[in-house]
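J.: Can you keep this structure in mind? I'll have questions shortly.
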Amino acid sequence: MAVIQDIIAALWQHDFAALADPHIVSVVYFVMFATLFLENGLLPASFLPGDSLLILAGALIAQGVMDFLPTIAILTAAASLGCWLSYIQGRWLGNTKTVKGWLAQLPAKYHQRATCMFDRHGLLALLAGRFLAFVRTLLPTMAGISGLPNRRFQFFNWLSGLLWVSVVTSFGYALSMIPFVKRHEDQVMTFLMILPIALLTAGLLGTLFVVIKKKYCNA
């Protein structure tokens, strides 16, 4: 718990030297890994802020806190392993009450979008779906339910994971290198730190609202 407090304090104070400490940066990697794994792997956790976290990772790379290639490798593994977990849920637990309940709690627009993409493009939908919140968690579950072979799924899973992590993280890095952004570095880093928290809160409240609304309507 003390390490988490140190990380938050270092981010808030923009103390990148402290964040670059091997012990602290390993915890940062762990938190990012866990967040991406859960967001990609569990439907109830699909509200977690994966995109904004990758942008923050790119900004931290630009500040010398983390290295580019290890970050891409670690976060790609997190996203792809999480996506595999989502596929397994659909393949082996798709007909269970629990998974059906999770699917029912997702906003209808995301379910319709994922269904349309999967029906039209099959596994190729994973490449574009990775860049859409909620959809990237839902598509692997649908692939598992449809009975698609694991070998075919894994190819598109890891390819789309690498593409998503590389593009969004590189965007965060490039954004941090823009002269205007560099001149307002403190404000930008504060924004990038607050953004995932704000999105997490909004996603959690939105999910709770949908759950309560559906329970009220079914009562």
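The backbone N, Cα and C atoms fix where each Cβ goes, and this holds for glycine too.
Pulled these from Swiss-Prot:
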TOPO_DOM  1-17  topological domain 'Cytoplasmic'
TRANSMEM  18-38  transmembrane segment
TOPO_DOM  39-67  topological domain 'Periplasmic'
TRANSMEM  68-88  transmembrane segment
TOPO_DOM  89-160  topological domain 'Cytoplasmic'
TRANSMEM  161-181  transmembrane segment
TOPO_DOM  182-191  topological domain 'Periplasmic'
TRANSMEM  192-212  transmembrane segment
TOPO_DOM  213-219  topological domain 'Cytoplasmic'
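Mind mapping these onto the model and telling me what they sit next to?
T.: Taken together, the residues of the topological domain 'Cytoplasmic' (1-17) have an average pLDDT of 79.
Within the chain carrying the topological domain 'Periplasmic' (39-67), a Cβ under 8 angstroms from the stretch's Cβ atoms is held by residues 16, 19-20, 25, 28-29, 32, 75, 78-86, 89, 99, 102-103, 105-106, 131, 133-134, 136-138, 140-141, 161, 164-165, 168-177, 188-189, 192-193, 195-197, 199-200, 203-204, 206-207, all 6 or more beyond its ends.
Residue counts for the topological domain 'Cytoplasmic' (89-160) by DSSP state, with H, G and I taken as helix and E and B as strand, are 58 helix, 0 strand, 14 coil.
For the transmembrane segment (161-181), the list of distant contacts is 40, 51, 54-59, 61-63, 68, 71-72, 75-77, 79-80, 83, 127, 130-131, 136, 188, 192: same-chain residues at least six beyond its ends, Cβ to Cβ under 8 Å.
Here the topological domain 'Periplasmic' (182-191) is broken down by DSSP into helix, strand and coil counts: 9 helix, 0 strand, 1 coil.
Tertiary proximity for the transmembrane segment (192-212) is limited to same-chain residues at least six positions away from its ends with a CB under 8 Å from its CB atoms, namely 11-12, 44, 47-49, 52-53, 55-56, 59, 105-107, 172.
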